Amino acid sequence: MESISMAWAQMQQSIVDYFSDPAVWSNYLFTAIKVILIFLAARLIIKAGTKALDHVLVSRQKGRLQLDVRRTTTIGKLLGNIMSYVVNFIMILMILNQFGIRLEPILAGAGVVGLAIGFGAQSLVKDVITGFFIIFEDQFAVGDVVQIGTFKGTVEEIGLRVTKLKSWTGEVHFIPNGTIAQVTNFSLNNSIAIVDVNIAYESDIDEAMEILRETVMRIYETNVSMVKPPEVLGVQTLGTSEITIRTIVECQPNTQAAVTRELYAEVKKALDARSIEGVKLAENR
């Protein structure tokens, strides 16, 4: 029993002596300072690298060989993510080294560990490969309005593993790239706004069409979303109690809804002012 007490007392004294040694605290202090400096250096490298990427991409957009803004924005975000992952990985290795953890066994065992988890990481590899194909095939880019499966919204980011999609009501959807099988891109080409107006059989068709032409052309002069003059196509259908007159206009991508609403409102006012009978606005077909 006495020997145990003596051993315990010696251990306590050793601990006290260890932490009372100024050299120990100096070593801890220097280690903490080096860890902080490594962390700050990593943050500065990421920040400087991001600014350098932005500068290069902007110069590419303005240079002789101009690159598409959509693609440069998307590639810039992807390269920024890759740079961040690499720098953070190196930072972690350097910090571990400061705590006396040897890196050689870790790096040597990475191949064995990678092989062990390879079968379980197939979905991750699929996500990354699909992400690269999405970008380099230009299926969609940051800022595009797309529909992926049941989700529709604006692409906020295309990462190494997931695509971030923000719906018009504010929800953000994170979609693994490997699950993206079919994409509808609403931002690649101009859109078409369709306005169908129903008038009574008793109304003068020629007068109604003339009112429509005057109204839509007036709006075209001030609405920057319209890329071509509107076309009043004429009678679209003959219903049981109404005649449908269709007007179409080519608009910039994803602006057809706003243009349609404005056209409906102004056409309704114009037809009411000219007392066209039985005016009833049809739903977009």
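Every residue gets a Cβ built from N, Cα and C, even glycine.
Just so you know, TrEMBL annotations never went through curation; they're auto-generated.
According to TrEMBL, the feature domain 'Mechanosensitive ion channel transmembrane helices 2/3' maps to 81-122. What TrEMBL lists as domain 'Mechanosensitive ion channel MscS' is 124-187. Taken from TrEMBL, the feature domain 'Mechanosensitive ion channel MscS C-terminal' applies to 195-277. Residues annotated as transmembrane segment in TrEMBL: 28-46, 78-100, 106-125.
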What parts of the chain pack near the transmembrane segment (28-46), using Cβ distances under 8 Å and only residues at least 6 beyond its ends?
-> 83-84, 87-88, 90-91, 94-95, 98-99
Grouping DSSP H, G, I as helix and E, B as strand, the residues of the domain 'Mechanosensitive ion channel MscS C-terminal' (195-277) number 34 helix, 25 strand, 24 coil
Do you know the mean pLDDT across the domain 'Mechanosensitive ion channel MscS C-terminal' (195-277)?
-> 89
For the domain 'Mechanosensitive ion channel MscS' (124-187), what does DSSP give as the number of helix, strand and coil residues?
-> 16 helix, 25 strand, 23 coil
